[in-house]
Amino acid sequence: MESALLLPSLLLVAAYPRGGSPQQEWMQSPPAPSVTSAPFWVRLNPELEAVPPGGSAWLNCSHNCPLPVHSSLRTQLRQGKIVNGSGWVSYQLLDVRAWNSKVRCVVTCAGETREATARITAYKRPRSVILEPPVLVGHKYTLRCYVTHVFPVGFLVVSLRRGGRVIYHESLERFTGSDLANVTLTYVMRAGLNDLWQPLTCHARLNLDGLVVRSSSAPVMLTVLALSPASIALASTSIATLVGILLAVGAVYVRKYLAVQT
């Protein structure tokens, strides 16, 4: 009988060793909470920076790695000062002359490497866009548009508009110079009666892979219509005929008037 009573006690001790109870054992060994770590990221700002040729720029590379990291900026541009803080590094880039430069920030955190990219564009808006008044040469008009101090010329499109409608445009992509340049566009046109007092304008547009820079000239107008020799001869004949008709009609009325008076 005693052995029968001891068996449950032994089983209880085996289930809860060290004299603990079910409630005490749960309090001593709570379940471990699940922890989800944030994904490792790297950012480079601004992602697109525009500067004048020969200018400088600052790019900021930031990350969320809590550990000491190794970071570097990879670019063909000349680097200047470096300023860093907790989770970020700022890099200075000097003498930017290429119209389009790619920059990469590479960060390694706990053996994992990530990178972010940015682009620096060097450009110069035209200092001026000037359309000269039309010049009559022979029986056609010559238009000249001057675009001054612009870069890069290879991404420039110059167009002429009459009354808001494009009558001519030219892309200068064949030019590959790396300096500021002046551009002159010459266009010869005929004009009709409908072109009189229509505003003529010249427009310069830089297309820089997503960045569009526009400039335009003040309007000029056609105030005199150029006529060909045939047109002049026809007009002279028409005028002479009209004058003759008017003189004949006038003579008839004069004779009738004199007859009535007598």
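Glycine is no exception: its Cβ is also placed from the backbone N, Cα and C atoms.
Of the listed cysteines Cys61, Cys65, Cys202, Swiss-Prot assigns the disulfide bond with Cys145 to Cys202. When secondary structure is read from DSSP and collapsed to three states, Asn182 (N-linked glycosylation site) falls in the strand class.
Cβ-based neighbour count (10 Å, all protein chains) for Cys145 (disulfide bond) stands at 24.
Counting only residues at least six positions away in the same chain, the Cβ atoms of Val42, Leu44, Leu59, Cys61, Ser71, Ser72, Leu73, Arg74, Val89, Tyr91, Glu115, Ala116, Thr117, Ala118 sit under 8 Å from the Cβ of Cys105 (disulfide bond).
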